[in-house]
Amino acid sequence: MPPHAARPGPAQNRRGRAMAVITPRRERSSLLSRALRFTAAAATALVTAVSLAAPAHAANPYERGPNPTDALLEARSGPFSVSEERASRFGADGFGGGTIYYPRENNTYGAVAISPGYTGTQASVAWLGERIASHGFVVITIDTNTTLDQPDSRARQLNAALDYMINDASSAVRSRIDSSRLAVMGHSMGGGGTLRLASQRPDLKAAIPLTPWHLNKNWSSVRVPTLIIGADLDTIAPVLTHARPFYNSLPTSISKAYLELDGATHFAPNIPNKIIGKYSVAWLKRFVDNDTRYTQFLCPGPRDGLFGEVEEYRSTCPF
């Protein structure tokens, strides 16, 4: 540039006034396109952030209760207040009557029927009824037609008890039951009955035999998620001839677990037991409510071996 030449300035009209710079149409189009792409990317990032912040289990319509903890599951009662209703022996069809425990909160819940063992009454499993109901289930603990009823008879009576809750109980009970989500449990011969009914009703969501007894050792026809709880000092239904072979015979294609209590006898399920309560609730929550928040307690499961309350635990994890 010559030493005294004027520097280029804004475009001027004939009168020396500055003129507006006109952006070419192609450049305006490019700027608009970049702005739109930036806005879309920002919106996508916002939606992704919101999605990641939302709980993964929020879509489960069966989820009930707060996030579970060891302390919550090991406590004597869960987060729900419970009411109870008597099922009269004279009004019950196909079983000996019982007691129904249900959450007071007006909602729908899975339903569970529990049978006592040989010579036992519902009183021997009453603690389980109230404990499980307090975690968000409708539960019936039954008396059998006679205390000497055998396992297959107890299977039929468990089935009748489920039907009673769905069809014949009070409206307070019936209105709270989701009849598509049913489970069974039982102690001793009631545990054998639980296995028998599970082999006959693949629509059940869960089965939990407790120190089970049955002459049949092959349960390969069961298609229901099953947790078997045995006791290492059981001399009535020794785990070597009952709980363990029962578990081993269940197909590996189903969700199943075996928990053996350490230092416990055949009658461990008849009094409040922290381990039985905790893992029974976790199993029912996982498979009746499809609540994966409880998987953490089942997979990998409790620590077993020396100095623990569990002698052995094995399963078909992951669930």
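Cβ from N, Cα, C; glycine included.
The feature signal peptide is assigned by Swiss-Prot to 1-58.
Listed in sequence order, Pro116, Gly117, Tyr118, Gly120, Leu210, Thr211, Pro212, Trp213, Ile236, Ala237, His266 are the same-chain residues six or more apart from Ser188 (active site, nucleophile) with CB atoms under 8 A from its CB. Following the DSSP three-state reduction, the secondary structure of Ser188 (active site, nucleophile) is coil. As annotated by Swiss-Prot, active site, nucleophile applies to Ser188, with the evidence given as similarity to another entry.
The feature active site, charge relay system is assigned by Swiss-Prot to Asp234 (among others). Taking a C-beta cut-off of under 8 Å and a sequence gap of six or more, Asp234 (active site, charge relay system) has these contacts in its own chain: Thr211, His242, Ala243, Ala264, Thr265, His266.
Residues annotated as active site, charge relay system in Swiss-Prot: His266 (among others).
Cys317 (disulfide bond) falls within neither a helix nor a strand when secondary structure is assigned with DSSP, and so counts as coil. With a cut-off of 8 Å between CB atoms and residues at least 6 apart in sequence, the same chain places Ala257, Leu298, Cys299, Pro300, Gly301 near Cys317 (disulfide bond), listed in sequence order. Look at Swiss-Prot and you will find Cys299-Cys317 tagged as disulfide bond, backed by similarity to another entry.
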Number of other Cβ atoms within 10 Å of the Cβ of His266 (active site, charge relay system) across all protein chains:
21
